[in-house]
């Protein structure tokens with residue numbers, strides 16, 4: 001397959017950091033005000049993949065023939081609900097209380113898109129939090145940035161160090177980009193240099 005220039009369709013600093021680990025140069029391209037609406041009948045575990053495809057479609061018209069667009073979306077699933085990014089610090093505290101002492105699922109959808117084709121996949125990780133105290137929750141919400149993270153937490157931050165007791169699946173998926181799976185998908189599609 002011909003070589004592509006990689007484009008990351010995300011403003012997430014975590015996705016930028018993780019994609020850089022693959023050692024291939026890329027540029028960032030985003031669209032302001034992209035839609036995150038999804039059909040109500042869509043099963044929740046399919047929402048991230050759908051949203052990654054939607055982001056790709058919103059950027060597809062900007063692509064050149066030699067560009068490969070990588071888009072992703074990550075959600076936290078608990079009790080049949082999506083915990084997205086909290087809208088304020090009180091909402092972040094509520095989310096962390098819900099996650100405390102329980103297992104939840106993190107699902108990331110990733111799409112690889114060119115002017116001619118699109119492939120997408122989803123990656124699932126189960127995360128278990130130990131019980132968190134109110135002071136631990138308050139410390140995290142006060143000293144870190146929970147508002148830009150699905151489920152109000154970053155596993156790679158203090159709350160992950162002291163709160164996550166068990167993980168089944170990709171750690172990097174929880175950060176927002178399942179790098180190992182992405183690498184395999186790129187390799188299997190002959191998209192690596």
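Here the Cβ of each residue, glycine as well, is placed from N, Cα and C on the backbone.
Unlike curated entries, TrEMBL annotations are predicted automatically.
Here the structure is a predicted model, which means the values were calculated and not measured.
Here TrEMBL flags 73 as active site, proton acceptor. Sequence annotations record features per position, and here TrEMBL assigns site 'Important for substrate specificity' to 14, 74, 156.
Structural mapping of features recorded in TrEMBL.
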| residue | record | Cβ contacts under 8 Å, 6 or more apart |
| --- | --- | --- |
| 14 | site 'Important for substrate specificity' | 154, 156, 175, 176, 177 |
| 73 | active site, proton acceptor | 36, 47, 48, 49, 51, 52, 55, 108, 109 |
| 74 | site 'Important for substrate specificity' | 48, 106, 107, 108, 109, 150, 173, 174, 176 |
## Note on the structure
The number of other Cβ atoms within 10 Å of the Cβ of residue 156 (site 'Important for substrate specificity'), counted over all protein chains shown, is 15
